[in-house]
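Q: So that we are looking at the same thing, I have put the structure below in structure tokens.
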Amino acid sequence: MFKLLSRHGRRNGVVNLFCEKKIEVRKARVYYFYSSAGSVRFSSTGVDEVKIPTIADNIPEPPPVPDPSSFEQLAETVQSLSANGEPTFASLGLGGWGPVGIVQNCLEYLHVSLDVPWWGAILIGTVVVRVLMFPLVIMSQRNTAIMNNHLPEIQTLQMKMTQARQTGNQLETARYAQEMMLYMKEKGLNPLKNVLVPLAQAPLFISFFVGLRGMANCPVESMMHGGLWWFTDLTVPDQFFILPLITSTTMWITIELGVDGGRLDAQNMQLMRYFLRAIPVIMLPFTINFPGAILVYWCSTNFISLCQVGFLKMPRVREYFNIPKLIKHNAESLPIKKKGFVAGAKESWTNMKLSRDLADRQRIDEMIFTKAGKGPLQKTYKFDPTKIPKVEAKSK
């Protein structure tokens, strides 16, 4: 029976069962007594007096008012640190609004904001720059293909103009030069388009070179461990000389396959071919002392050039970008025969001497003509008809 009732119900049932009178059972009340803040407790001996600490005694003292000059120091400290806790380039004397400073600021943004390691930031920056330069490469490749297809006619006019210049016939030289200009205008040729890519890449390469060298020489501390594989420190040269060898090798392969999509074995690049082949060998002793950051950029741009050369040799790609198909000319049928390095150098030296002699002769003729027009008359005869001598008969 008691299990079916609650605790309070069981208690009332027991009281009603055994008690005649009704007894009211109430809950016990508990009273708590708190001593006041000023109460004093005496020990059993009645000698020592102990004071209980109050709440007010536990309140700490307010902190001192900071010095206003400390706010400026704190602001300078915050401004000199980037989001990842590294010193900003502005505090290191790097960056700015010049070409070199813009390159450094872009690399800092990739490293700090996107949390990209330094080797990845250099690689991404190189890819972005080469993608922006790709339209100029297409324009140069298209112009190079058109000039190669019209090479016999261009070489014929060049030979006539050279012969007229060597004989000193300025009228014929000017006439053939005018014919050359009209022919190129008719075919849509422009020799300056072939140098657009080198002229545009030169300032970008110099900006990256100077910017990365400044970052390595500063140095930026995070670049000391921002490399990859064996070149973890980008502020020092490669101790194994692997990066310089890769740089020279990739440049030589790029030159052999084609410079930015152009053909190195073209007939109009005879002397330039030997000069470009010598560049990787000449620059190797200098690149071994370059910091790793510069070599990472150089290797990256060389590998991109290799990919670009292979990409532009695909027939579908050339057709999509409206690049004409290259015509292979027979070397024997061309007006200007292909010559070796020594023969080409001798011919170039002979042409330079002839041009110098013609210029000297022209300058002397101009001096003589000017002197004859402004100077006194020179006597070129023995008898002066203006001076009639007196004729007197001799007396006998």
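Cβ coordinates are placed from backbone N, Cα and C, and glycine is handled just like the others.
Keep in mind that TrEMBL annotations are predicted by a computer and have not been checked by a curator.
So TrEMBL lists these for the protein:
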type	residues	note
DOMAIN	118-311	domain 'Membrane insertase YidC/Oxa/ALB C-terminal'
TRANSMEM	118-138	transmembrane segment
TRANSMEM	195-216	transmembrane segment
TRANSMEM	240-259	transmembrane segment
TRANSMEM	271-288	transmembrane segment
Q: Please compute the mean pLDDT of the model over the domain 'Membrane insertase YidC/Oxa/ALB C-terminal' (118-311).
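A: Average per-residue pLDDT within the domain 'Membrane insertase YidC/Oxa/ALB C-terminal' (118-311): 83.
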Q: I'm a bit unsure how to read this: which one of 118-138, 195-216, 271-288 has the highest number of Cβ pairs shorter than 8 Å with the transmembrane segment (240-259)?
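A: The stretch with the most close Cβ contacts to the transmembrane segment (240-259) is 271-288.
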